[in-house]
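A.B. asks: Input: one structure, supplied below.
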Amino acid sequence: MQIYLPIAEMSVNVFVILGLGGAVGFMSGLFGVGGGFLMTPLLIFLGVPPTVAVGTEANQIVASSVSGVLAHWRRGNVDVRMGLILTLGGFVGSTLGVYLFRWLRGLGQIDLVISLCYIVFLGIVGALMLVESIQALLASRRNGGAVAVRKKHQHGWMHGLPLKMRFRRSQLYISAIIPATIGLFVGILAALMGVGGGFIMVPAMIYLLGMPTSVVVGTSLFQIIFVTANATFLQSTMNHTVDVVLALLLLLGGVVGAQVGARFGVKLKGEQLRSLLALMVLGVCLKLLFDMVTVPNELFAVGTGGKH
Amino acid sequence: MRRLLLALSLLALCAPAPFVPAHAAEPLVADLSKHLVAITTGFAGTDVLLFGAIEEVDGGKTGDVVVVVRGPNRSETLRRKDRTAGIWINSGIAKVDNAPSFYQVASTRPLDQLAPPAILGRHQIGLDHLDLALRVKDGGADTAEYRKALIRLNQKKGLYGDKVLEIGMLSQRLFRTDVHFPANVPVGVYMVEVYLMVGGQVVSAQTTPLVVSKIGIGADVYDFAHQQAAAYGIIAIALAAFAGWLAAIVFKKA
């Protein structure tokens, strides 16, 4: 069954989009990630214009993070104060990101920058996660199941910064500048890459802020709602690249897939999950890198200029 | 008797088209099976039938029919990738303001057998004779390469015809051809130009408009997204937030 997407201006098979939403939702339920980093490249691969893929994905992530955060909220795993500070930075960051997006689109280099961002950040995060999870797997084998306790992060110079705040749920007393800066940085990337940014935010919260892992995912999801909502709004008003029909189809498949994935996830060990996720992240990264260095089939590309 | 039948059928064919005066002296009459291609929610491309009839021109010769379907002109930007520091980056650019958004030619015979290039060029019949004003800013490729690329890319999207379509003739008088409009067809007012060619010259020509337009919910969504962008953005966010909340409630109970 074909359906015409009004903003993407193309006709797609409903079941392909539902299936795509379901498959990526399954992954995100399984691994506890947003899945934007998989969905955006896949949409582009299907022929959705990259600008529409990025804008629409921001809209879909609003839905998936709302549904995700509620479970964490009920268990009290959301540090609202930390989330708000991150959101503050994220708002500024995603606004800058959308402007940057528009500017790069005018220069004709938006596709390049999107690809480069994916390669760099997926490469770093994937490699770190793989090394860490393999070490954990080896350690658990050696210690007969006991997982090594991670040392609390030492802050050093970060403790000298002003505007100190107490984050009770995270058991931290740190300068608000640090989370605001992280929020800003991740916000820029989220707007540029069409992702929630959880895959950068979560490691940053653990390793840079030293937050306890129990509140990390809930707090990350909490701030992603607002950052992606801001990106959705700006992409709609500035670039007209949010396709609600596409977003609704994706999230319909996505919510079902995520529930199935989450049920599967409890059967697997954390280290196994993380190493699988790392391999997948690295796979996407290598595919994009490969596309960039090999001679393309078509050296020319056409884009319509005189549109609204 | 045959003549009468022909005239009657012509009248019937031409009745819905107000632009075509259906009197017998006209050497060429043509019309479309529909004058509106409606892009609805379920739109997956469509065919439009073009049909008509030609009269004998003096001396009893019958001519050839050429049909050009042309979408509204638009400006397009072409970019060419080149290898810089090991990766492929957009390095050259060309702009064109008068590229037809859709272009398809149908003919009873191969174009080069019909008329000399000068005639084809004057009426812009055939991809080789399209008048494209390309402004190239690129040290590595010339206008001809960009021109070829523009045509090739539009052919890949199904917007420019890969080849000249065949026009079927019935008893050397009636002609018909199907023109396919793919799902990604650009909206606007199209011009369907029908030429009657005899001895390398255009003896008669007729132009019929064809409107390609978004209709229904899809069109409303598009207009709303462009005219009330802020409200559209807020609704998009609210819809997503509601859907997410609903999903969480439904699956908590399950």
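Placed from the backbone N, Cα and C atoms, the Cβ positions cover glycine too.
The transmembrane segment annotation in TrEMBL covers A:12-39, A:83-104, A:110-131, A:172-200, A:206-229, A:241-261, A:273-290.
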A.B. asks: For the transmembrane segment (A:110-131), which recorded stretch in the set A:12-39, A:83-104, A:172-200, A:206-229, A:273-290 gives the largest number of Cβ pairs separated by under 8 Å?
C.D. replies: A:273-290
A.B. asks: Restricting to CB pairs under 8 Å, which listed stretch, A:12-39, A:172-200, A:241-261, A:273-290, is in contact most with the transmembrane segment (A:206-229)?
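C.D. replies: So the stretch in question is A:172-200.
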A.B. asks: So if I exclude everything within five residues of the ends of the transmembrane segment (A:12-39), which remaining residues of that chain have a CB under 8 angstroms from its CBs? That is, six or more out.
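C.D. replies: Those are 1-3, 5, 46, 57, 60-61, 64-65, 118, 122, 193-196, 198-199, 217, 224, 246, 249-265, 268, 273-274, 276-277, 280-281, 284, in sequence order.
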A.B. asks: Which sequence-distant residues neighbour the transmembrane segment (A:273-290)? Criterion: at least 6 residues beyond either end, Cβ under 8 Å.
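C.D. replies: Those are 27, 30-31, 33, 37-38, 41, 115, 118-119, 122-123, 125-127, 129-130, 132-134, 136-137, 199, 265, in sequence order.
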